[in-house]
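Sequence annotations record features per position, and here Swiss-Prot assigns disulfide bond to 3-24, 6-11, 17-39, 43-55, 56-61 based on similarity to another entry. Positions annotated as proline amide by Swiss-Prot: 63.
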């Protein structure tokens, strides 16, 4: 599977996940608006006053 990952030029870098990594995630700090994207072995969706995290299981589904 491939997911987007944050790198030097922003969050558009495409990476190939390892065999154990079954999820793409998108994590955002609602206060600072910082975000991180990448691959994960496990993923828990979260939407609180501070953090938003979404998980998905198809290629490049975390833009």
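A Cβ is built for glycine as well, from the same backbone N, Cα and C atoms used for every other residue.
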Those disulfide-bonded residues, out of 43, 55, 61, that come within 10 angstroms of residue 3 (disulfide bond) at the Cα: 61
Shortest C-alpha distance to residue 11 (disulfide bond) - which of the disulfide-bonded residues 17, 24, 43, 56: 24
For residue 24 (disulfide bond), the number of other Cβ atoms found within 10 Å of its own Cβ: 27
Cα distance (Å, whole number) from residue 24 (disulfide bond) to residue 56 (disulfide bond): 5
Largest tally of Cβ atoms lying within 10 Å of a Cβ, found at which of the recorded positions 11, 55, 63: 55
Local Cβ density at residue 17 (disulfide bond) - other Cβ atoms counted within 10 Å: 18
6, 24, 43, 61, 63 filtered to the recorded positions whose C-alpha is within 10 Å of residue 17 (disulfide bond): 24
Number of other Cβ atoms within 10 Å of the Cβ of residue 61 (disulfide bond) across all protein chains: 17
Lowest local Cβ density among 3, 6, which the record lists as disulfide-bonded residues, within 10 Å: 6
Those recorded positions of 6, 24, 61, 63 having Cα within 10 angstroms of residue 39 (disulfide bond): 24
